[in-house]
Amino acid sequence: MFVDQVSVYVKAGDGGNGLVAYRREKYVPKGGPAGGDGGNGSNVVFKVDEGLNTLMEFRYNRHFKGKRGENGMSKTQHGRNADPLVIPVPPGTTVIDEDTGEVIADLTKHEQEAVIVKGGRGGRGNTRFATPRNPAPDMAENGEPGQERNIKVELKLIADVGLVGFPSVGKSTLLSVVSAAKPKIADYHFTTLSPNLGVVDTQDSRSFVLADLPGLIEGASQGIGLGHQFLRHIERTRVILHVIDMAGTEGRDPYEDYKKINQELSDYDEKLMDRPQIIAANKMDMPNAQENLIQFKNELEDDIPVYEISALTKDGLRDLLFAIADKLETIPKYEKELEETDDTVVYRYQKEEDPFHITRDPDGAFVLYGQRIEKLFKMTDFQHDEAVQRFARQLRGMGVDKALREKGAQDGDVVRLLEYEFEFIE
């Protein structure tokens, strides 16, 4: 089954916890703190594998979770960083954040990688908190939570040439005779339910990748029929091969077919009309084809080459394939509009979120929430009094106490943070 669009949940690994420990060795009085830091959690990485051409990996597994970093150990030994979770994807994969619509990655080259969510930093051990005033701190940090996202993964096949046309004009037959691909062929509409790829080798030892897409019908760009689901795959083809049933076997006018398909491409993306086109006048072995071709050329206003072929009898295919190969030699391979090399770091300004927000529940409890305050809470080890006191100081420094008083909080009021409750004390 061909899968080219799927929603996925990804969660990077949390950082390992720091450790509270002390040196206890003979002849080492006042050994001091010796708790190590936790290891970093694993990143979730998408990596291009050119052997794949579908998102089948995601069909039955739509939740990916990275491993947690190792906890810190005694004798100031740091925990081990977790290995990244590497997920193979086909070339042409685009990753989009479902909540913001931001394009996270556009993967087009073999072995290209992108970090989709970043693993959490390991928590610091008590060695890191030693100061002259507190040489033996009884506190450590929990690991930072790993990032998590709901993402949409889309595949836009990277083929040199894309076959377009109405259903049953002979696209699949053409692909089957010029390549080793074996698409399903039958005498009814929408026999092709998903894209098929084939490698074409010309007689002069040139080659290119040809994509057969489900047939388009009028209104495809608005979601009518099946072809609209796969219009995105045309975006990365370098040449559009427009296959037309020149015999008009279903009673349609070939020139009207040509205009309607181009209109659908234009409605989907106007830039597609700038893509080089070659017209394959198919079924020339059938009655009325020659007369229709003469009429077609008389009405054709565009300066587009027309090649007479019969996919069934294989007539005219040599000249058509040579023309496609010649055209491809003049067109650069697909590149992203905004090319970012591995050496380039793009900094985007992002407005800093407020560290916390306060709302009030119907029962009168005050609710604290916000990315920063929730992160501090999760990284606090509440089993040690010094860590609790540090968390209280952090809240005071952020202005949480003052903000609660301004909201009307009084002694004994309940304050909620995540699934925990606290008592407000003036």
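Note that the numbers count up from 1, one per residue, in the order the chain is shown.
Heads up, the Cβ atoms here are built off N, Cα and C, so glycines get one too.
Swiss-Prot lists 1-158 with the feature domain 'Obg', giving sequence analysis as the kind of evidence.
Residues or ranges marked as region 'Disordered' by Swiss-Prot: 66-86 (among others).
Through the fold, the region 'Disordered' (119-146) approaches residues 11-22, 32-43, 66, 68-69, 71-72, 76, 78-79, 81-82, 84, 375, 378-381, 384-387, 390 of its own chain, all at least 6 residues removed from its boundaries and within a Cβ separation under 8 Å. Residues or ranges marked as region 'Disordered' in Swiss-Prot: 119-146 (among others).
Look at Swiss-Prot and you will find 159-329 tagged as domain 'OBG-type G', backed by sequence analysis.
The GTP binding site feature in Swiss-Prot is assigned to 165-172, 190-194, 212-215, 282-285, 310-312.
The Mg(2+) binding site annotation in Swiss-Prot covers SER172, THR192 and rests on sequence analysis.
Mean predicted confidence for the domain 'OCT' (348-426): the pLDDT average there is 88. Residues or ranges marked as domain 'OCT' in Swiss-Prot (evidence: sequence analysis): 348-426.
DSSP classifies SER168 (GTP binding site) as coil under the three-state reduction.
Cβ neighbours of LYS283 (GTP binding site) (same chain, under 8 Å, six or more residues apart in sequence): VAL169, GLY170, ASP245, MET246, ALA247, THR249, ALA289, SER310, ALA311, LEU312. With the fewest other C-beta atoms within 10 Å around its C-beta, SER168 stands out among the binding-site residues SER168, SER172.
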